[in-house]
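I have placed the structure first, in the form of structure tokens, so that the comments after it can refer back to it.
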Amino acid sequence: MNPETEYREGLEELAENYKNILQLLGEDTAREGLQKTPMRVAKAMQVLTRGYTQDPHKVLTDALFEEKYNQMVIVKDIDFFSMCEHHMLPFYGKAHVAYIPNGYITGLSKIARVVDIYSHRLQVQERLTQQIKDCIQNTLHPLGVMVVVEAKHMCMQMRGVEKQNSITTTSDFSGAFRQAKTREEFMNLLRGESKKI
Ligand SMILES: Nc1nc2c(ncn2[C@@H]2O[C@H](COP(=O)(O)OP(=O)(O)OP(=O)(O)O)[C@@H](O)[C@H]2O)c(=O)[nH]1
Ligand SMILES: [Zn+2]
């Protein structure tokens with residue numbers, strides 16, 4: 001992908017505002033190292049929020065295949081980086097997604113793309129988890145979906161309470177995953193050793 005095409009309208013204005021922010025933080029924006037920084041930050045922030053201009057439902061429906069398989073499909077250890085909407089600091093970790101098809105499956109990479117799109121928006125972990133689940137449920141109409149997200153929040157590590165090792169786990173599910181047995185099957189498969197592969 002050509003990175004130039006990723007940038008959206010308002011880039012110049014964003015850079016102007018970052019220049020003001022740097023000055024308000026006490027920096028000399030004329031010094032060599034900082035001359036291009038406002039534009040660099042503007043571009044970086046547009047990349048980190050590119051999910052606003054992407055449609056996760058379309059990603060799934062573009063790769064929908066009719067298939068009789070109706071056992072659990074699990075895509076685990078999907079790395080993601082997002083930004084908390086409270087402090088605009090990163091939170092990052094892994095998402096694990098399971099669904100039970102109901103006549104249709106989607107391309108495996110599309111599940112990871114859905115995670116990618118929702119995580120490239122300002123988020124809280126709970127909403128990220130729920131949005132991934134809802135998107136798969138409302139697009140594929142499977143027998144059930146479950147999403148587990150494990151993450152570290154830099155707003156809790158670098159500032160504030162300053163806890164380096166705490167991990168937040170969130171989960172959401174629908175349909176067949178309302179049964180404890182089905183959730184257990186997913187959780188057991190999650191704990192399995194994928195390093196064997
Ligand atoms: N539920 C939830 N909270 C989050 C998430 N990311 C950050 N937070 C929390 O958002 C809260 C915001 O609380 P406030 O008291 O308004 O902000 P604050 O004074 O900066 O809070 P501290 O981080 O405790 O210093 C903090 O407790 C953060 O830990 C998230 O994904 N989900
Ligand atoms: Zn935060």
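Cβ coordinates come from backbone N, Cα and C, glycine included.
If you look up TrEMBL, you'll see Cys84, His87, Cys155 marked as Zn(2+) binding site. Per TrEMBL, the feature domain 'GTP cyclohydrolase I' maps to 16-190.
Listed in chain order, the residues near the Zn(2+) site other than Cys84, His87, Cys155 are Met83, Glu85, His86, Met88, Leu89, Phe91, His153, Met154, Met156, Gly160, each with its Cβ within 8 Å of the site Cβ centroid. Using a 10 Å Cβ-Cβ cutoff, Cys84 (Zn(2+) binding site) registers 18 neighbours. Predicted-model confidence for the domain 'GTP cyclohydrolase I' (16-190) is 97, expressed as mean pLDDT. Neighbour density for Cys155 (Zn(2+) binding site): within 10 A of its CB lie 16 other CB atoms from the protein chains shown.
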